[in-house]
Amino acid sequence: MENQVLTPHVYWAQRHRELYLRVELSDVQNPAISITENVLHFKAQGHGAKGDNVYEFHLEFLDLVKPEEEERLNKLRLESEGSPETLTNLRKGYLFMYNLVQFLGFSWIFVNLTVRFCILGKESFYDTFHTVADMMYFCQMLAVVETINAAIGVTTSPVLPSLIQLLGRNFILFIIFGTMEEMQNKAVVFFVFYLWSAIEIFRYSFYMLTCIDMDWKVLTWLRYTLWIPLYPLGCLAEAVSVIQSIPIFNETGRFSFTLPYPVKIKVRFSFFLQIYLIMIFLGLYINFRHLYKQRRRRYGQKKKKIH
């Protein structure tokens, strides 16, 4: 039994002028691959069907291997289930699909709002929420994944800017718009949703192409430039929506509460909204600074060479 030769599973595939072999071993160590005349010799330590052992096989071809083909045939690829290449491909595939879904979602919102405005004009402002809210809910709930990706290291993005944007937008969407029907018919909803979607269709399309190693210079420039006017305008629209909601929350008393005895002071929700107004522009500063650093890293070196 000690001298028994263990043979791994070997998969064969070929095209007209190419030959592919896949050896089903994981955690491969010290692979020895050689070709003698018409025989391919393989031996390696790895984990296969019989556990962690030394596996080897000899594959005889029908004809002698030409010297110029030996190098190509010697590219026997060792497939490992947990190899870095496999994990990288899985990561890229996962991120590509995530960015694709977000791109399609925000594109639908952007196109829908644009077409409705072209047809109905200002009248389209007042039913924006009822028209695209479901898709916006979906996209913003899915945006939680983006923050998780940054937190666990799937992406290299810093967590804080992503978290600030996630919490800020979801507060506007779910609390300001979602819980107050009086806010859902206001024109500011159109501008908030339109600016959000305008920003994201370029951001997610850029990330999507990055996952497949494509660099479209026009899209790259738009991704690193459009945020300069759009982010401040988006924050301004969010601030307007908060300001417009304050009297409504005061009138309805929603989310307001009274402190217990002996204090018995009524704390209005509008008090927190006023604090949140300050936080909006603080978040804008943090994200603006982060995006500016990204743009400087991308285009800063070229500017230095010109001078």
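Positions of Cβ are set from backbone N, Cα and C atoms, glycine also.
Positions annotated as domain 'CS' by TrEMBL: 5-112.
Residues annotated as transmembrane segment in TrEMBL: 95-115 (among others). Residues 124, 128, 131-132, 135-136, 138-139, 142-143, 145-146, 149, 154-155, 190, 193-194, 196-198, 200-201, 204-205, 207-208, 211-212 of the same chain, all 6+ positions outside the transmembrane segment (95-115), place their C-beta atoms under 8 angstroms from a C-beta of that stretch.
Summarising the annotation, TrEMBL assigns transmembrane segment to 186-206 (among others). Listed as Cβ neighbours of the transmembrane segment (186-206) (distance under 8 Å, sequence separation of 6 or more from its ends, same chain) are residues 99-100, 102-103, 106-107, 109-110, 113, 117, 122, 124-126, 128-129, 132, 136, 139, 169, 172, 177, 219-220, 222-223, 226-227, 230-231, 233-234, 237-238, 240-241, 244.
Annotation comment: TrEMBL describes 226-249 (among others) as transmembrane segment.
Residues annotated as transmembrane segment in TrEMBL: 269-288 (among others).
Confidence across the domain 'CS' (5-112), taken as the mean pLDDT and rounded to a whole number, stands at 80.
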